[in-house]
């Protein structure tokens with residue numbers, strides 16, 4: 001049983017390989033009458049597209065999105081929305097030298113083991129190119145959430161061992177402005193500068209480096225999340241872990257929270273003003289989620305990305321026959337994925353939230 | 001849309017509240033002709049049951065499991081397996097004092113916000129008592145995996161800031177023996193001793209503390225996992241994050257891997273012996289999973305648990321009207337969940353593996 | 001991948017075999033705050049239970065239902081509702097003579113072929129006893145629908161070649177009264193009498209006979225049904241065909257409609273009164289469903305049941321080795337299933353409607 | 001929750017409207033290494049395409065299919081297969097006169113009621129044009145089944161009251177030849193002639209007429225079908241009822257079987273030859289399915305289609321305001337859908353069989 005769909009009520013199915021004709025996505029379950037802002041969808045894709053700066057891959061893709069169905073006179077119709085993104089700069093021949101060789105820490109070997117077939121034109125389906133389809137679908141989820149007053153903001157908070165300071169509490173639109181003003185997408189200008197210098201030096205070494213992205217969701221009402229398995233943070237975790245190169249997920253207090261005592265970690269609810277319906281706690285170790293259900297506070301989580309496996313060094317490896325082989329450092333790649341992954345993290349978060357928002361409608365009649 | 005089922009082909013649905021008549025689980029999709037060892041299932045439940053030592057809750061539950069269907073003459077029949085665990089020591093009256101008050105960092109408020117109803121008899125459905133049903137179902141998944149030569153081993157690797165040394169490479173059955181010889185379920189005797197002392201002191205303070213559990217899966221063949229969303233580690237992550245109190249998940253190199261360079265992090269494949277079909281890499285930063293598919297190496301991951309929210313201190317909070325209220329420290333609880341959670345982690349991992357094992361059968365005809 | 005669940009948002013999973021300890025069902029997705037009327041659930045089960053009259057099987061089962069979870073102080077809580085019905089009169093030994101023989105037109109052979117295992121105690125999972133669980137769950141779906149003004153009424157409209165007259169347009173509560181006043185559950189007294197005499201004579205012959213059940217759903221709003229696959233009538237059809245012994249389903253004009261011309265078959269919409277929101281057509285060949293979506297008119301369908309396979313005659317058959325064998329006419333059975341199946345048809349219809357009602361909530365925000 | 005996907009393991013999701021840019025389908029779960037014969041897929045589409053004869057709609061569509069993903073060097077790769085069919089002859093302006101009017105027995109009103117939006121360019125998503133995507137996906141399912149020795153054959157067995165004789169037992173390839181030699185796709189030449197004459201006269205009247213299609217599946221092994229809800233005939237029934245204009249489904253003895261006695265209806269198993277594994281019964285009232293599981297005999301079912309709603313007569317109706325309105329007979333349509341629906345019935349049957357074939361792989365390890 002294959003696994004190319006995500007979500008239950010706001011459900012996407014993606015298709016396409018890195019070196020095929022096109023990639024794309026069907027969204028089944030987008031409610032009718034939503035304004036579909038094509039410029040916004042394209043602007044989201046532009047944040048993920050390759051070739052945007054010196055610290056991203058130089059593959060050239062305009063990532064121009066086309067709508068094939070589900071939208072009439074600018075509004076969703078309740079029928080499946082199909083989005084298509086043609087591939088333009090496949091250059092499969094770049095990969096001719098790898099036909100028979102498993103690249104270290106790539107998915108070449110496991111696809112062969114699982115499917116008995118080897119699409120040697122780059123990563124095929126395992127390539128992060130597939131995430132463009134997620135970003136397009138996530139943009140529509142964001143439009144749905146915006147209508148409900150829900151905002152999602154992610155940015156790069158570490159590259160290698162360079163960590164950004166905690167920016168919690170700052171105004172989202174200001175942070176967004178700063179983030180988009182630098183090519184590494186960190187909302188702290190000084191750290192951003194340091195990160196860019198570092199990535200550039202890593203690139204010059206022909207090497208790559210990992211990093212982390214933090215995300216905050218504001219305006220989410222209490223009640224989203226479906227215990228006991230489809231808890232809001234469990235779905236967010238799965239969404240993030242399904243992104244290429246992600247090796248870790250934590251929300252609220254995260255791993256550090258495991259070192260605390262209950263008397264330190266408990267978030268104390270604050271009395272409400274007479275006319276307020278909002279639940280507030282003095283601290284937010286819970287990351288806005290209790291028992292798997294949003295409580296109305298900011299939802300916070302962090303995602304760890306390993307370094308990209310494609311490096312410009314020659315590496316030892318094996319071929320399909322199991323024999324020792326050497327692979328040359330060649331091809332186009334990102335020295336660090338996190339700058340382009342910011343919008344992917346946001347897109348996947350938006351897909352989870354849109355899905356859980358619709359699911360929650362059936363909790364009470 | 002509710003979320004009380006987990007898995008696609010090996011699919012469980014759990015039911016029951018902490019203070020109801022019983023909890024239980026239906027397994028739909030267990031293949032026919034599997035030997036169902038009831039003693040093994042019960043022994044797994046015994047590892048999770050309350051009251052097993054001074055560092056666990058004193059609630060008394062024998063957690064005796066009954067099979068209602070799906071097994072005939074000791075073998076699974078291919079029909080749904082229903083398992084029932086009666087509740088024995090509910091003592092709902094212990095919770096009479098909390099009827100109108102939201103306990104800090106508990107799910108009381110969010111259940112009320114979501115469902116408009118408050119089951120004030122303890123945690124209701126949000127209680128970790130539900131995980132007994134998972135352990136029972138997970139035991140059957142383990143029987144299936146054992147038949148395939150797949151073994152799962154978890155143990156406590158940190159409590160508060162006390163960390164166990166790396167035991168990778170040690171023999172699993174030896175580690176299991178050590179783990180079961182101490183009440184905290186850490187496979188390193190010296191660390192175990194230190195952890196037990198610490199938890200006992202925390203308990204005497206009327207407080208609680210968090211911790212971490214590490215898990216390794218041995219004998220998993222290459223090919224399990226369904227890209228691009230149902231990647232093996234994404235399903236494992238969701239499974240772990242769905243366990244009560246879990247705030248973080250990482251696999252392979254995890255969060256630390258985000259600090260490395262590609263040239264450090266890439267796992268180099270080793271040439272195979274002439275007659276070997278096994279894929280091996282010199283290091284295992286990948287945690288046995290590439291592109292979301294198992295590669296045949298050990299699968300490794302780590303899970304972070306926050307401290308239990310119920311403490312014996314009085315705490316400020318609010319009532320359903322939003323007014324300030326105080327909650328007394330009272331009731332039965334665990335000072336630290338990780339000793340009892342070890343078998344829950346294993347059970348959820350087993351459920352993911354069994355499901356992905358069955359799913360993989362359709363990859364090639 | 002097993003198939004013991006039905007529905008997406010109002011989702012049931014049944015378990016249990018005819019000669020096991022108990023049968024039961026979990027409902028996952030029943031909205032919170034619904035009044036759960038246990039007397040009503042039991043009264044529905046009483047309409048299906050065996051031994052109610054001379055024309056039903058003499059197996060004695062009180063079919064007393066217990067609630068294990070999901071209900072607190074008489075209301076649904078939004079958590080899974082588990083219902084248990086113990087088996088009381090299994091008498092497996094009645095089936096000792098059949099251990100090695102495949103009964104004609106029973107599922108003995110195919111279960112053996114599929115699962116490699118033979119539960120020879122009667123029908124095992126293939127027994128219609130499982131439908132008691134559906135009736136219990138369907139009763140809760142009916143409570144949900146009643147709150148929305150949706151009513152479901154089925155009755156027996158044929159036994160063998162005896163056909164009831166068309167009662168369309170009659171008052172539902174009057175029809176229900178007549179139906180429950182006779183043991184065959186036909187809403188026309190004269191036909192009912194004839195049917196009962198006929199079934200009784202068939203029973204005395206040691207034989208069985210088939211029949212048909214018609215169903216009407218009143219008060220269903222326009223908008224239920226999810227094209228293009230989960231059309232309302234497609235889900236109703238699947239629901240009915242999943243009931244034991246059903247061999248045919250038609251809605252609206254049905255098979256006879258295939259003989260008509262468009263100019264005869266088109267239902268002409270009637271102008272609405274100024275303040276009316278109700279859609280009405282002069283005729284209802286559509287059976288209340290257009291393009292798979294309810295239009296607000298009465299939903300009508302018919303279900304055909306084959307004769308019960310267990311007869312009191314000796315029959316030729318084969319054993320597991322493929323050798324000729326004779327099977328004796330023995331055991332307890334219904335001479336005609338339709339009287340007891342009326343409430344099963346209603347239950348499955350209620351489950352479809354409740355599910356589609358919840359699903360439709362996500363069509364527009 | 002939308003409903004544009006069908007199948008569990010061999011799962012399709014279709015998209016597109018009658019007057020949009022394109023329609024298409026994603027197949028997720030097609031096993032790897034299947035030979036994808038594009039000529040065969042196109043030849044199947046050609047059997048459904050409009051404009052093939054005087055008794056079909058004159059809309060001109062070449063229905064040329066493109067593969068966007070999932071196939072490499074002529075073989076499936078195990079990744080999603082995306083198929084695209086551009087729309088060529090939309091002529092939306094033909095429908096300008098209907099903007100505000102609900103066409104009788106069309107889905108115009110219910111889409112408006114459900115989604116609050118009206119795509120007035122023909123049927124939009126409710127148009128049978130969507131079934132081209134099903135035929136393309138069904139062709140790939142047929143390739144999978146053919147590899148397993150499973151063949152599917154459907155033909156037109158009635159138009160209006162004209163019924164074809166029973167052709168059971170005839171050679172499939174001979175029947176296929178006859179069927180494809182006439183434009184109505186009935187495998188009996190004399191009846192075909194009569195049907196064509198009749199449809200042509202109906203067309204000249206500006207009217208339409210219904211009909212029935214019968215289907216037989218040969219070579220299906222015992223064991224396919226997943227009780228208790230996803231019975232093989234229940235899934236077939238849903239598949240057929242999801243096709244536009246279908247109002248009835250029966251399998252095996254069908255509606256007529258409800259008139260029989262058990263002693264007439266029971267299929268008697270025949271002793272097996274020493275070396276045979278094949279299960280055979282003297283009769284086949286079961287239609288090759290017992291208890292929802294295939295028994296290895298021919299699977300037989302029949303599907304009833306209502307007459308097309310678009311007629312060339314002027315008709316009374318209402319507009320969106322509920323006021324009386326008249327609709328002119330205009331536009332392009334089929335006088336009778338069954339000739340083009342034969343391949344749709346086969347495609348949907350193939351999708352069910354392929355799905356159940358893959359599902360059955362998990363019944364026993």
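Quick reminder: no glycine exception, Cβ is built from N, Cα and C everywhere.
All TrEMBL annotations are machine predictions without curation.
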- prompt: Of A:179, A:332, A:359, which does TrEMBL put in the FMN site with A:125, A:126, A:127, A:244, A:245, A:291, A:306, A:307, A:308, A:309, A:310?
  reply: A:332
Message: When you rank A:127, A:245, A:306, A:310 by Cα distance to residue A:54 (NADP(+) binding site), which of the binding-site residues ends up on top as the closest?
response: A:310
Chain D neighbours, restricted to the binding-site residues A:48, A:127, A:310, by C-beta under 8 angstroms: none
Message: So if I draw a 10 Å sphere around the Cβ of residue A:310 (FMN binding site), how many other Cβ atoms end up inside it?
response: 24
Field: Rounded to the nearest Å - Cα separation of residue A:308 (FMN binding site) and residue A:48 (NADP(+) binding site)
entry: 16
- prompt: What subset of the binding-site residues A:48, A:54, A:308 has a Cβ positioned less than 8 Å from a Cβ of chain B?
  reply: A:308
Message: With the cut-off set at 10 Å between Cβ atoms, which of these binding-site residues ends up with the most neighbours? Options: A:245, A:308.
response: A:308
Task: Any same-chain residues 6+ apart from residue A:125 (FMN binding site) with CB under 8 Å of its CB? Would you list them in sequence order, or say none?
output: A:16, A:17, A:18, A:111, A:119
- prompt: Roughly how many angstrom lie between the C-alpha atoms of residue A:310 (FMN binding site) and residue A:48 (NADP(+) binding site)?
  reply: 19
Statement: residue A:245 (FMN binding site) to residue A:48 (NADP(+) binding site), Cα to Cα, whole Å, comes out at 15
Candidate with sparsest Cβ neighbourhood (10 Å radius) among A:48, A:54, A:306, the listed binding-site residues: A:54
Query: How long is the line from the C-alpha of residue A:306 (FMN binding site) to the C-alpha of residue A:48 (NADP(+) binding site), rounded to the nearest angstrom?
result: 18
- request: For residue A:48 (NADP(+) binding site) and residue A:127 (FMN binding site), determine the Cα separation and express it in whole Å.
  value: 14
Statement: The number of other Cβ atoms within 10 Å of the Cβ of residue A:127 (FMN binding site), counted over all protein chains shown, is 21
